[in-house]
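Following: one structure in structure tokens, then a few remarks.
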Amino acid sequence: VVGCPWQPWC
């Protein structure tokens, strides 16, 4: 996953 646009704890 690049940039993690769906994880609030990137």
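Just so you know, glycine gets a Cβ as well, placed from its N, Cα and C.
Under the three-state DSSP scheme, C4 (disulfide bond) falls in the coil class. Marked as disulfide bond by Swiss-Prot: C4-C10.
Sequence-distant neighbours of P5 (4-hydroxyproline) (same chain, 6+ residues apart, CB-CB distance under 8 A): none. Under the heading 4-hydroxyproline, Swiss-Prot lists P5.
According to Swiss-Prot, the feature D-tryptophan maps to W6. Same-chain residues at least 6 positions away in sequence with a Cβ under 8 Å from that of W6 (D-tryptophan) are not found in this chain.
Marked as cysteine amide by Swiss-Prot on the basis of experimental evidence: C10. Summarising the environment of C10 (disulfide bond), the number of other Cβ atoms within 10 Å of its Cβ, over all protein chains shown, is 8. In this structure, C10 (disulfide bond) belongs to neither helix nor strand by DSSP; it is coil.
For C4 (disulfide bond), the count of additional Cβ atoms within 10 Å of its Cβ stands at 9 [all protein chains shown].
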